[in-house]
Amino acid sequence: MAAAAVVGSVTALYLGILLACHPAAETSFEHTVELRGIAFNSSLQTETSDYYRVLTPALERLFLSSVQDSQLDWSCTGCTILGYRNGNSSVIVRFRLRFAPQDSQPLSAAVEEEALRHGLAAALRDRGLALPAYGTISSASLTGPSEVSPYRPGPKSGSCPGDTFSCRNSQCVWKENPECDGRKDCADASDERGCDCGSRPAMQTASRIVGGSEASRGEFPWQVSLRENNEHFCGAAILSEKWLVSAAHCFTEFQDPAMWAAYTGTNSLRSDSGAVKMSISRIIPHPSYNTDTADYDVAVLELKRPVTFTKYIQPVCLPSAGHHFPTRKKCLISGWGYLRGDFSCGGRPGFSKPSKIVGGTDASRGEIPWQVSLREDSRHFCGATVVGARWLLSAAHCFNETHSEEIEAYMGTTSLNGTDESGMKVNVTRVIQHPLYNPIMLDYDVAVLELATPLVFTKHIQPICLPTAAQEFPVGKKCVISGWGHLEEGNATKPEILQKASVGIIDQETCDFLYNFSLTDQMICAGFLEGKVDSCQGDSGGPLACEVTPGVFYLAGIVSWGVGCAQPMNPGVYSRITKLRDWILDTISQLPSPGTGTISSSTFARTSAAGSVTHRPSTPAASPTDRPTTATEEPSTALQTTEPAKPTQTPVVPCTSFTFKCSSNVCIGKENPECDGIVDCSNGFDERNCDCGLTSALAFSKIVGGSAAARGEWPWQVSLWLRRKEHKCGAVLIADRWLLSAAHCFDIYSDPKMWVAFLGTPFLNGIDGKTEKIFRIYKHPFYNVYSLDYDVALLELNAPVKFSSTVRPICLPDSSHVFHEGDRCFITGWGSTKEGGLMSKHLQKAAVNVIGDQACKKFYPVQISSRMLCAGFPHGTVDSCSGDAGGPLACQEPSGRWFLAGITSWGYGCARPYFPGVYTKVTAVQGWIAQHLKL
């Protein structure tokens with residue numbers, strides 16, 4: 001059974017191959033096996049390499065022993081390794097086993113394969129197969145059943161196996177991607193025919209593209225713009241003089257070739273200069289193309305006339321059916337599609353062309369938009385970094401002899417005298433040094449600074465991104481330091497213009513050795529061993545900023561200490577943010593946001609190790625699109641019911657599952673009476689516990705797809721982080737110490753101590769939110785891990801949260817509450833913005849329609865239970881996705897209050913046509929929720 005499970009998990013590889021030797025002599029079988037636990041290296045294709053010499057005999061022994069320990073004992077006479085290729089983070093090996101002639105009937109493929117499969121599983125079950133310096137083979141999975149055929153000298157008649165290249169003379173070549181590689185592998189050289197493709201004669205050197213950048217003309221000479229009514233609609237690629245290939249879904253609405261025109265030989269949509277216009281005569285979608293699942297999404301287009309190839313117009317090569325594109329191979333995509341890149345931090349909108357940095361040079365305005373100058377009596381004494389609208393980070397040692405009330409922060413300027421019109425001056429109200437800060441060793445050398453008023457982000461003032469605790473900045477990575485410190489050691493002259501310099505991350509062990517083993521885990525080194533570039537006096541507290549993705553910078557360190565400035569073998573030492581991040585977020589999250597009331601004495605940590613008063617505040621790290629006033633507004637009184645209206649004469653009806661039951665056991669026939677501002681029960685039961693479902697952000701823009709949410713717009717939204725390292729799921733605040741989420745979020749990690757909840761923030765890094773620990777996790781007792789029925793969990797917090805303009809519960813519907821088909825509701829979360837994409841850094845919101853039960857079951861005929869609710873659109877385009885699980889499907893009632901209709905649970909892909917999102921229906925599990933909350 002264990003071996004069968006291993007084989008069943010390998011679905012992407014071709015079936016194993018079986019060949020036989022001379023019938024009168026021995027029989028031989030060929031197999032393909034995937035090896036897990038070791039990595040492929042191109043040296044495995046060279047028989048003289050060390051890796052080949054270690055791996056090959058070890059595998060021959062493994063395969064022989066696997067068979068010889070079975071019922072085929074001693075009938076296997078030998079094993080030959082035929083070759084290696086790259087797998088999916090694995091090694092694919094092909095080998096031949098030889099067997100002596102059988103006295104009775106010939107050896108069957110099924111018997112041989114079963115013996116080998118069980119033998120491999122048994123041999124690797126306990127400790128695997130260790131290969132010194134290369135890893136340990138943890139599993140060896142046969143890629144499918146074998147079949148037998150008599151052996152004949154020369155090529156096998158018929159087609160070659162799927163993972164081999166088929167020459168025109170029927171020869172089979174088991175070399176990875178032999179076609180058009182400049183080497184003749186087929187005897188008839190057919191692997192090197194038709195290779196006048198894939199070249200870029202107009203490009204002298206094509207730089208590697210990471211992220212999106214403009215392509216030069218001729219850089220992608222096979223790129224085609226398909227235009228309908230002269231408007232770019234889709235891309236295509238040139239295959240030959242008369243044929244293009246594109247996606248079949250481009251033509252679901254417009255199938256008439258006369259409506260289309262193809263443009264090539266250009267890199268511009270705005271100008272047709274140099275472009276060649278081509279007419280299309282036929283559009284041929286794949287016959288198996290599925291509009292619902294987008295399977296076989298390919299179409300070929302025949303041109304009316306052959307196109308003439310030039311240095312700007314060339315065909316791309318078509319791979320053979322056996323061509324292998326290994327995992328993580330870097331490839332290029334091109335097109336004129338929409339640009340995306342709305343980052344909430346780390347961007348530089350005021351800076352367009354960064355130059356390469358060697359040594360210290362003047363910084364351009366907007367190049368370091370998170371840089372801050374800290375001044376006392378107008379004298380610059382340290383740097384700092386913007387991490388939120390009200391929060392800065394600096395070095396704790398900057399404040400050993402400084403009082404916070406005397407500090408001013410200058411940002412948005414490169415000038416030390418503050419002459420830039422873009423500059424801003426804000427007073428500092430609090431300095432919070434790390435409680436473990438050691439002024440002698442400079443360990444934990446970090447401080448959080450609270451500003452008196454929130455910043456308004458502009459193209460010259462932006463927050464930097466905080467890294468996750470697990471994020472790594474590899475040795476040698478070039479990062480940027482900046483500041484107004486001394487230009488050279490011993491020279492007290494400070495530059496007038498902000499200085500920047502590029503430094504490399506230095507290996508921790510090397511740096512620790514250079515500093516006589518005085519480094520701690522809270523420190524990171526950067527610079528150059530030969531010196532020449534470094535931070536200096538006056539730069540302390542400034543940023544060590546690393547560009548992790550194109551145009552997005554993360555704070556790797558804070559300028560802390562060093563020996564001299566730019567001395568050889570004495571690189572700069574910085575406070576390591578990944579080790580200090582949790583304290584930073586905890587410190588920022590513990591005080592209520594401005595405008596939410598007075599600070600209780602319990603929110604103060606009295607004294608740090610350095611003796612300074614350390615308060616624990618909270619603030620947003622707003623994006624450029626945020627409206628700062630929204631964050632501090634209290635909910636509009638227009639939406640609050642301060643005193644319920646007088647009871648109305650609501651008709652009393654027999655109690656059913658569709659009627660609302662008052663606490664007096666009287667049922668009323670009014671639909672959705674709870675929390676609508678009108679007392680329907682004689683004792684007011686329907687208007688109790690209604691401090692919920694109101695938001696402080698009242699303006700909701702029309703949503704098509706997902707868009708960024710304002711702070712306070714969805715105050716019940718919660719981000720659940722696993723081990724404080726990464727966002728895993730969403731959740732919903734329903735009471736002061738209770739959250740709702742999806743049960744499947746806790747299938748693997750069910751220990752509440754492993755989870756933490758961030759509330760009151762639209763930012764994935766949690767910079768302006770409140771952090772709460774999880775005390776208990778209750779999964780629904782009927783939760784089914786396979787069907788995801790009853791996919792709901794209750795999370796009890798360690799302590800009650802204090803409600804504010806950014807932290808409020810959503811209303812729970814009664815079990816009789818009706819959400820009508822077609823109702824417009826909202827989904828929110830930080831999940832992937834497209835199927836297979838990355839998490840969003842800013843909370844996203846999207847409008848979806850409630851889909852009726854019958855329509856939902858048409859989309860999912862088998863899977864939908866009465867505890868599930870569908871929402872979305874039949875044509876797709878808007879949906880929840882990976883990372884949104886556990887988040888809310890929120891519907892607004894006429895009273896203005898928001899009710900929780902569903903909990904994001906599952907779906908087929910993300911935003912695919914005819915596959916809407918599926919949510920746990922809250923009304924169906926309301927009784928279980930109420931039982932735990934005792935509402």
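Our numbering is plain: 1 for the first residue shown, then up by one each step along the chain.
Using N, Cα and C of the backbone, Cβ positions are placed for all residues, glycine too.
Each of C180, C186 is a candidate, yet TrEMBL gives the disulfide link of C195 to C180.
Out of C655, C690, C692, the record in TrEMBL bonds C675 through a disulfide to C690.
Closest in space to C180 (disulfide bond), of the disulfide-bonded residues given as C172, C667, C675, C690, is C172, taking the CA atom of each residue.
With respect to C667 (disulfide bond), the closest of these disulfide-bonded residues in Cα terms is C675, chosen from C172, C195, C675. A distance of 19 Å separates the Cα atom of C195 (disulfide bond) from that of C172 (disulfide bond).
Sorting the disulfide-bonded residues C195, C690 by the number of other Cβ atoms within 10 Å puts C690 first.
It is 23 Å from the Cα atom of C690 (disulfide bond) to that of C655 (disulfide bond). Cβ-based neighbour count (10 Å, all protein chains) for C675 (disulfide bond) stands at 25.
Cα of C675 (disulfide bond) to Cα of C655 (disulfide bond): a span of 20 Å. For C180 (disulfide bond), other Cβ atoms within 10 Å of its Cβ number 19. C172 (disulfide bond) sits 76 Å from C655 (disulfide bond), counting Cα to Cα. Around the Cβ of C172 (disulfide bond), the number of neighbouring Cβ atoms within 10 Å comes to 18.
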